[in-house]
């Protein structure tokens, strides 16, 4: 009988290297928020990938960066704590970018862990094959990685091969989650993240990190209809105007795009109501951050 592998794998890397894209690719559902703006992942989003011979729980950590506020402190704490809780580490980098100080900072952290560390060079669809080997050799000069695998999370290139390699390093173990469970976050959290993703796609650079979303109410009204009420929090009145848009057009578009994805997630029709409120300097208010679900209760 074939042995069954199971384990927890942390995905770590600088902001915007494609960690969320990878999680969504291997899970087959949108679990982690995707945006072209850095530092958009705020919690350890666990995506559960179940195959006949293995179950891998991916922990998509917030991108490593120097904290600028209480929320940033929390994001960094989550990223570092994750390294001590898992069976393998994916260090993801952009194959089409130079090694930066952020990468060097992470490598120094990784040198001190006993867990297997896989270097995953993402976005190989954006580089010429001749440029790949020199990049790999450059990373090898920093530390000895357990394995080095180039992939494109967006295009799906080499992703299955990486999963096969990863499985060989995981311990034998049971399924921790049922076959049909794809995340350990409650549905309300994922719904809030979908709404936040749409706002990030539709607003300008000044908005992203000032956005928080709380799902106030989520009720199944019938077999095929769910009623959701959510509040979008910003830090300034001017940001509220940007999110709402002229004549409410921007907010309507956010709702339209979010509703489409939420209906796919829940498998039923969704009636979505959105409000925008100003909560000044909310990213520095620990109690408020906890209230909207971005901080786990910790001792």
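Glycine is no exception: its Cβ is also placed from the backbone N, Cα and C atoms.
These numbers come from a predicted model, not from an experiment.
Record features (Swiss-Prot):
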type: BINDING; residues: 13-20, 60-64, 122-125; note: GTP binding site
type: DOMAIN; residues: 5-172; note: domain 'Era-type G'
type: DOMAIN; residues: 203-280; note: domain 'KH type-2'
type: REGION; residues: 13-20; note: region 'G1'
type: REGION; residues: 39-43; note: region 'G2'
type: REGION; residues: 60-63; note: region 'G3'
type: REGION; residues: 122-125; note: region 'G4'
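Per-residue confidence over the region 'G2' (39-43) averages 45 (mean pLDDT, predicted model). In this view, residue 19 (GTP binding site) is surrounded by 29 other Cβ atoms within 10 Å of its Cβ, with every protein chain counted.
Least packed by the Cβ count within 10 Å, out of the binding-site residues 13, 16, 124, is 16. Across the region 'G4' (122-125), the DSSP tally of helix, strand and coil residues reads 2 helix, 1 strand, 1 coil.
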